[in-house]
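Structure record follows, encoded as structure tokens.
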Ligand SMILES: NC(=O)c1ccc[n+]([C@@H]2O[C@H](COP(=O)([O-])OP(=O)(O)OC[C@H]3O[C@@H](n4cnc5c(N)ncnc54)[C@H](O)[C@@H]3O)[C@@H](O)[C@H]2O)c1
Ligand SMILES: [Zn+2]
């Protein structure tokens, strides 16, 4: 240790106190729990090595934090303690050994339950009526939050008992269900307010509101796990029976609990709960083992801040704090551009991680993350680790700010982002090596170029061996080269070459679809082929012309234009044509429309026609017309069926030419 132990201990005490206030009183921790745990551990180690440095007011000797101003103080009749922690199986083994030795018994019976990740409260019932509720505070003195606790629906205001005890203090955890937390954050986001980081912080914040109305809006829940002072209450002989009794009195008691014997029983419970954890409605940060018999609890007693008869076996931390060294760009198989944080290695959720996703540019802005900041990374279950938030700002020099590159780091094509999309993408679809396999599989697909015998495995082999880089390379493949690949014989190679050969003759719609243009599916490809008739016309079309295609909106038009604006993509298209890929081109609907009888005309349909309205609409569009909903001076024709109403009147008023059904069909040459 570099610093002198005395100075280091003093600094740690001050630091821990500061974090305690932020955590317990402000519900706004700056560091992760794991980091707090390691600060406390360091202090405990110094105090153990230098007993003369231990002070009675050290955070190692006390729980929580002094109550803050704003609430009345409540002195607890029976102190509210914390729990000792176990992180490893060995910690559980030594806990069990200690209990056995101190009790002088061969085996101990334990009550196992969940360790709720909320905050401890005590509820005082006099003659069966809820009279006061308080937070744990520093264990000796808490805050009177009775009015706020009254708003928690699962806390009974009256005990379900014919002859209630004179006094009963029920202890448990106030927490927020995940769904209530999500709803709360959604509302906060919609209102432009600050969102909470996790359900625990928001439960703490809610319970410590000065206005109970605000607490009520936040939907807190409660689980009972013990009692404090009592008078006239018949305490059962074991903890597990006490929990049953509390349930009978009307308190919510979590169902996931069990009586177990010996270390194996404890560890089995830990594993079972760990597996269930992601599916629970609320957060837990571990399980708790308590010596079941109260007589045995009594003889084990307490140490400074926790009972000797209980231990919390924590799950690996899902959050940890580390330095964000740099931000890299990753290009996914579909061209999605993801900023990835390069981290100073950190142990979280049971493994060491060096990368975490930053999702996208908007997320980086929203969370205000800069390079060289100290960040909290989260790894929940099997989910990809992510940077959750900034813990401490770094130097934040100009170069530390993240800027989205404008070109794909893999292929150099432009990066583009649709207006209503969060994700930016590389536009080099056919060309980009990062997207190669995906692009080729799509290209060869049954509904695209329909290349028989060219499946995923083979595409992978072709790309990895370097034989194929982009789609045109497929058409250069020979049997000899293919047969050299693993699991390929002359015969199967010939089948593949035949399949490729056959695909040279295709249709325009299939070819468009095979290009893998973002947002352009099979149906849109057909629409485009029909509308434009030729590939060159499609490639020349600007966004406006593209939008002239039925069912093609601005987003689709934008991605098509962007695709053909990319030089690389045009090159690939030319190479494919040069390789002999061909189809019959026709005069597209667009061309027909340009010379049709309604070319450039604005038409309004009204009244009932003998043909369905959609058919009439299609006929007008094919003939070059554009349909609008209301009649104005700009309207060229009103087509009026029977029972035409106000639109017809308006047309007459403005002098717009009106066509009846017969005249309309005649104009179309029908
Ligand atoms: N990030 C920070 O800045 C910061 C600061 C202070 C504390 N902390 C966190 O808080 C922990 C220490 O706080 P603590 O003293 O409240 O201890 P704790 O939360 O680790 O354990 C004791 C508490 O567990 C709760 N609990 C949940 N289920 C229970 C059950 N079934 N039976 C009994 N109790 C149950 C009670 O509220 C009890 O007070 C640290 O390990 C750290 O995780 C973090
Ligand atoms: Zn690219």
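Any Cβ shown, glycine's included, is placed from N, Cα and C.
Among 101, 113, 193, the residue that TrEMBL places alongside 82, 83, 136, 173, 290, 314 at the NAD(+) binding site is 113. Within the same chain, the residues at least 6 positions away from residue 136 (NAD(+) binding site) whose Cβ sits under 8 Å from its Cβ are 63, 64, 80, 119, 120, 121, 122, 142, listed in sequence order. For residue 290 (NAD(+) binding site), the nearest neighbour among the recorded positions 115, 408, 411, 432, judged by Cα separation, is 115. When the C-alpha distances from residue 411 (Zn(2+) binding site) to the binding-site residues 82, 83, 113, 173, 314 are tabulated, the minimum falls on 314. Surrounding the centroid of the Cβ atoms of 408, 411, 432, where the record places Zn(2+), the chain contributes additional residues within 8 Å, namely 331, 335, 409, 410, 412, 413, 426, 428, 431, 433, 434, 435, 568. Ligand 2 lies under 6 Å from the Cβ of the following binding-site residues, listed in sequence order from 82, 136, 290, 408: 408. In the three-state DSSP reading, residue 83 (NAD(+) binding site) counts as coil.
For the domain 'BRCT' (593-670), the DSSP-based tally of helix, strand and coil residues reads 29 helix, 16 strand, 33 coil.
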